[in-house]
């Protein structure tokens, strides 16, 4: 029996404002925050009120459409100058998530040849809405392909939150859980809590429970033991950037899981849209890894848990080498084998369509 699965949208366009699901408040309260300026959009991304690579791209696109409505100029040259300034400004918010730059570049390109301000404003709004709609379709396709990798009753481990609230809908790594729910295929999620910001504990568990999908929360330290004792059948994660050879940047701790998957001989899948690929970089060594504030580690919900002055290393992401990845699940299919060749072939086909 098919089931319609609904989860609150992470980003909604209101015409003269953006409503974002404030993910820092989850799971205790479901609060929407209204953003009316480009500065508020930038801060919302930085503060992780909006997070997840596709959702960041979507809110950035809407942020640029919003800003363009407020430029105090009658000259298209000045309009373009202000717009490019705001594009560059938003790009400073989260350097690792390639979807951010993909969305910014797409918005910039959409009005490159436009000669009137009114037309530019209209096109920017339409392009942002198109980016959101396309992401929903892309995520559904990812879920359909991912579901072919699993069978009814499988236990699947994941980390962070690559779910519906990190995208337009469905998510990437969590998409097969939603598509499976709709099609009557039961998948049980094991969610790593994901220190230090607890995206797994706060967000993945919240949204899966909203959809009545089975989920079990574990500490990050428990992953190996869970694989060993809970009959984990596979691991699936999202991605913030995938380079030309398949090396993948994702939430810190992802590489740990890939190593465990290899040791225990279970599949390790990465689920991501083509917009997350950065084929201008050859290997993961070229990816800039964002380092976040030390208080994310030294404090938990505002309470100091480490001695003041303790040295902290707090990278937000790590790089999983391609040889640890069983397959990369995209909206166009599953990439396996020689990642450098297959990724190049896929993008060549895309360029010719």
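Cβ from N, Cα, C; glycine included.
Cross-referencing 199, 304, 350 against the substrate binding annotation in Swiss-Prot, which names 51, 52, 53, 94, 250, 251, picks out 199. Residue 199 (substrate binding site): 27 other CB atoms within 10 A of its CB, across all protein chains.
The C-beta environment of residue 94 (substrate binding site), restricted to residues of the same chain at least 6 apart in sequence and closer than 8 Å, consists of 45, 46, 56, 100, 290. Straight-line distance linking the Cα atoms of residue 52 (substrate binding site) and residue 160 (site 'Transition state stabilizer'), rounded to a whole number, equals 9 Å.
Taking the mean position of the Cβ atoms of 51, 52, 53, 94, 199, 250, 251 as the substrate site, the remaining same-chain residues with a Cβ inside 8 Å of that point are 56, 97, 160, 161, 162, 166, 238, 240, 316. Comparing residue 240 (active site, proton donor) with residue 251 (substrate binding site), their Cα atoms are 8 Å apart once rounded. Rounded to a whole value, the Cα-Cα separation of residue 251 (substrate binding site) and residue 160 (site 'Transition state stabilizer') is 6 Å.
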